[in-house]
Structure formats: C-alpha cells, structure tokens
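Scroll down for the structure; my scribbles are underneath it.
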Amino acid sequence: MCLAAAAAALCAFIAPAAAGSGIPEVKAYLNGVDAQHILAPSTLFVKIFGSILGVSAGFVVGKEGPMVHTGACIASLLGQGGSRKYHLTCTWLRYFKNDRDRRDMITCGAAAGVAAAFRAPVGGVLFALEEAATWWRSALLWRTFFTTAVVAIVLRVAIQFCATGGKCGLFGEGGLIMYDVSSANITYSASGIFAVLLMGAIAGILGSIYNYLVDKVVRTYSIINGKGAFSKISLVVTIALLTSCCYYFLPWIAYCIPCPSNSTVICPSVDESGEYKNFQCPPGYYNDLASLFLNTNDDAIRNLFSPRIIKEFHITSLFIYFATIYCLGIITYGIAIPSGLFIPVILAGAAYGRLFGRLFETITKLDRGLFALLGAASFLGGTMRMTVSICVILLELTNDLLLLPLVMLVLLVSKTVADSFNKGVYDQILKIKGLPYLEAHAEPYMRNLVTRDVVSGPLITFSGIEKVRNILHALHTTGHNGFPVIDEPPFSDAPELCGLVLRSHLLVLLKEKIFSRDRGFANPVIFQRISTLDFGKAGSGKEIKLEDLDIQEEEIDMYVDLHPITNASPYTVVETMSLAKAAILFRQHGLRHMCVVPKSQGRPPVVGILTRHDFMPEHVLGLYPDIKPHKWQ
C-alpha cells in the first residue's frame, strides 16, 4: 500500500499525464494530436519511477505499456533539442524541429519501448507499424529497425554482464527468450484445430466483454479522479489493499499437490521467484495457486506456459486464478498509476488457455502449456485487436516457430469475433480521454455531405500586409492556430488567397517586432534579425505566448508584412467536395488545416477552414442529428 500510494502521489502531484499505459496518448500524438504534457520530461520521470512502484506494489499491471510511453518521451526530449528548463540541451538536435522528423523520432521511440519490454526487436517494428504510426514510409521502416536492433544489442550486453557476476536481481531471466517453450512437441489434428478455433471464438467474446467493462470502469474512475489528488491516492490504495487480500487469502482454498519426482528444480521453492511455492502445505508439497499469485508476473506466465511433464495445476485453481486476474485487471486499469494492459491480458489469457486445455484434453494432443500460449494470443487479439505484431512478439517471447500457424489462426478468429461487438481497448481509451483521433476510413454518412456543410465560423482572415492591432485582436479573441492570408488591391488585381499563416509564426514576428510604418512590402534586411530555426517546432514549455509580447502603444498601428512567413501552397479543396474524400485526404497527408475555396467566381476567395475537429463524428452529428451513426459511435 505504501508503494502504491507513492506511485499515485507521483502521478497526482507531478505528472497526471503519466497515469495509464500511455499507448493511446502516443498513438494520438502520431495521429497529429499535439496535446500538452503527453511527452514532457516530468511525464518521463513519473512514468519510469511510477511504473517501478506500481509493479512492485503487486498490482495486476504490466511495464510494457509504460515502456512504450517512456521510449516516446525520450525520443521527444531528443527531438526538441533537450530540455531548456532542466538545462539539458544540445545544438545539433535542433534539426528535428519539424513535425515530420519529430513524429519519426517518436515512432522509433515507441518501437524501442516494445523491443525493450518484450525483448522482441522485430515485434517492436511491427507494433509501431500496425498500432502506433499513422503515416508510414520505407525510410521510417529501416530507422525503426535500426533502433530496435540497438535495443537488442544493449539488452544482450546487459544480460551478459548480469550473467557474469553483476547483481541484477531478476533481470535477464531466460536471456533474450523470456518464456522458452520450444521443447514441447507439437502435433496437429482436426479435433485440435477445432478446439483452437473454439477457444479463439470464446476469447473474442471475453475480450469484448473485457473492453466493455474497462470502458465503464475508466469512465467511473475519471469522475473519482476529478475530485482531486486525495481521491486519486485513496482509490489507488483501496485497489492495492483489495489486490493484496486476493493474492494472500485465495491460495488458502487451494489443494496441496505433491512435488514431482522428476523435477529439475528444488521443490518446494526456497527463493522469492520459485516455481513451487510451499505456502501452508507440509514438506514435500506445493500450493499451485500460491505459485501463481505469490510470484512475479513474469514467473507466473512462465509457470503457465510450462509443459505438462514439468508442472501441473488443478482445474479449480486455474479457474480461480483466471477469474481473479480478469476482474482485477479490469478494476486496476484507470487508477492514477502508470499501468500497462499487456501483462494482465497475457496472464488472464494464459490461465484461460491452460484451463481450456484441461477441459479438452480428451480430444486434442496439444500440450497444456501450448494451450496457455494460444490462450494468451487469443486474449490479446480479443482486447487489443492487433494481429501481426502480437504474433511476432509472442514468437520472439517463446522461441516457438512451430506454433506459428495456430497463433495466426487464433489471433484472426478472436479479433474477428470481438470486432463484431466493440472497438479495441486503446480506441476506447482514446474516446474516453477526448483525443480527436482520425480513423483510417471515413464514416459512411460522410459520403452524403460536402465540405461546406461542416465549415464552422466565423472565419478570421488577414491581409497580406496587416496592422499589428488586428493581429493582436485576432490572437486574443480566438484560439485558432491557422489563418488564411488574402491579398487585396492594390497588391493584387482582385481578392485572392495568398496562403496560410500559423499562430506560432505570427508570435515570432510580433516578439521580434518585424514592423514597418508604411503599408508596403517589408525590406528583406529586417528579416535577417531572425533565423529559420526560430520558426521550428517548439518543445514543451518553450513556445512563445501572448503574455511574452511587449508591444508599445506607438507600435500598435504599425504594419506587418505576412508574405515571407505565409505558406503559399496550402492544401485546398472545393466547397462541393465529398466530406469523406476530404477526410481521407486530411489524414493521409497529416494536415492540421485545409482551406475550403468557393466553386464559383465573384465570391470571397476562402469559404472556411477545416481542422481535425470538423471531421470528428461528434461535431458532424451535432450539426446533423438526424444522421444515423455507426453502431459503435
């Protein structure tokens, strides 16, 4: 409870954004949602130490999700040139100060987090491709591959150091293969494949129920957490107490099992991470339920994956463990500590698979340990809805290539069944947190709308040469980040769209006071006072704010030439374009603003601006409540 309270205090008082797994937030950032504090240095600090405290407290949480967030935070810190606030800066890193390069860095960081957590370098690359990144290209593929290769080498060096005398605790157990089940014999049969298909279908149903309950619990916890830091810490301590009670009292109802005569390890175990926990049993016996509950999560998974000839679990113990982990995993996610979902789902799935193997042992020759692995795969597919990356991660975890066809099959079945009920757990968390994530496909009802139907006003525009007063007024009264720039006579024959100017670039000009008294094009000499790097993407806490400006009264009626900082080739769509087509274009090109231009002549050159908000189902359905949304909306 003390460890849990410490983890909650870190999240409550230092970095609330560090709570949870962090994968939905990283996924949203790579989709174009630049939310504050998601990748801040304080979030990195709390993510590391809060995850250590949370896992040590005995919660049903994993370190894998937080590792992905940690890798993304480190990449962001490097990409923004370090942290000026903490006096950690590096000049050469400033060349990453644009959206695309920063995004690539964070994608590599997320892949490195998966590779480090699971010791699965190829799985890390595929995770970044399948789940994290929105925009993918060939150059990014080899960069993430190089990153995860470095992770694998560093891990190997660290494991080698620990194996040759370094005191590293439980780090490096099993080498780079965490759960080696390659020694088991695999024989296929029609009845065995039927059992695997049935297991995948049931896991898909259980996974969709898991996601539904996690959704309800997280929404409830968000209300409790919104009451203040004391409520957050109290909730965490309550769940810690409940978890500890379950872990200690449930093994008392389990049977004592005689130690196997052919065991290669000491039974009962004498160290803290052994396979055969004695608990209350007499000498020569072990408690199978205590061997699962009173162990580290990695050792519990290793015990469940072990072949039948080495380890046996009573069917009642498996059912109790599965039900307990399933329920504790649901009520633990959403509390104010860094917590991952991979390990709780793998634990519940492995127990479910081993239990399923016991029930169907009369019709299949597959080993129960292999059923546990297939159960873990089916649960991951049913909750997270990933296929390729999960398949490769499990193969790298277990060193069992012969099981590849069955793992592929069970993942596809569980994902297909679960998709017919609800969305994946990360997509649901994105919606709960209110992060405007753009899906890869447009909603069906968008085909019946055009871009002008969702343009919201009023539209704020600037002249190519604008008064300081007008710019300041627009910045003070709106929260817009992009403004159309329109040239009017005498600078053009007729009103025409010159381009788009960003709020951050306007602030740079205002801070440096690039003004002129006459309404005309600025002398290029005065722009030599600023560098192109000043217009680069600022890191967290480094952006210029309106409060930083010091505009004097005599400067308020001076003019600013916006042409040098205007994007003269913004993406534009005609007002009659299908909203579905515009949404796909917006996402594929990673845009933040899209100008809507009129179809006919003689009208203002810009009808409006589309942003991410305008494509959100909540906005569109709010404008047109008669439209019937998709059943998951």
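For all residues, glycine too, the Cβ spot is worked out from N, Cα and C.
Copied over from TrEMBL:
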type	residues	note
SIGNAL	1-19	signal peptide
TRANSMEM	43-61	transmembrane segment
TRANSMEM	105-128	transmembrane segment
TRANSMEM	140-159	transmembrane segment
TRANSMEM	192-213	transmembrane segment
TRANSMEM	233-250	transmembrane segment
TRANSMEM	318-335	transmembrane segment
TRANSMEM	341-357	transmembrane segment
TRANSMEM	369-395	transmembrane segment
TRANSMEM	401-418	transmembrane segment
DOMAIN	565-627	domain 'CBS'
Helix-strand-coil residue split for the domain 'CBS' (565-627), DSSP-based: 22 helix, 12 strand, 29 coil
Touch test for the transmembrane segment (341-357) and the transmembrane segment (140-159), at least 3 Cβ pairs under 8 Å: no
Folded-back contacts onto the transmembrane segment (318-335), same chain, C-beta under 8 angstroms, at least six residues removed: 8, 19-21, 59-61, 206, 210, 213-214, 217-218, 220-222, 232, 235-236, 239, 242-243, 246, 250, 253-254, 289, 292-293, 341, 344-345, 347-348, 351-352, 354-355, 358
Tertiary contacts of the transmembrane segment (401-418), as residues 6+ beyond its ends and Cβ separation under 8 Å: 182, 186, 188, 193, 196-197, 199-201, 203-205, 207-208, 211, 370, 373-374, 377-383, 385-387, 390-391, 394-395
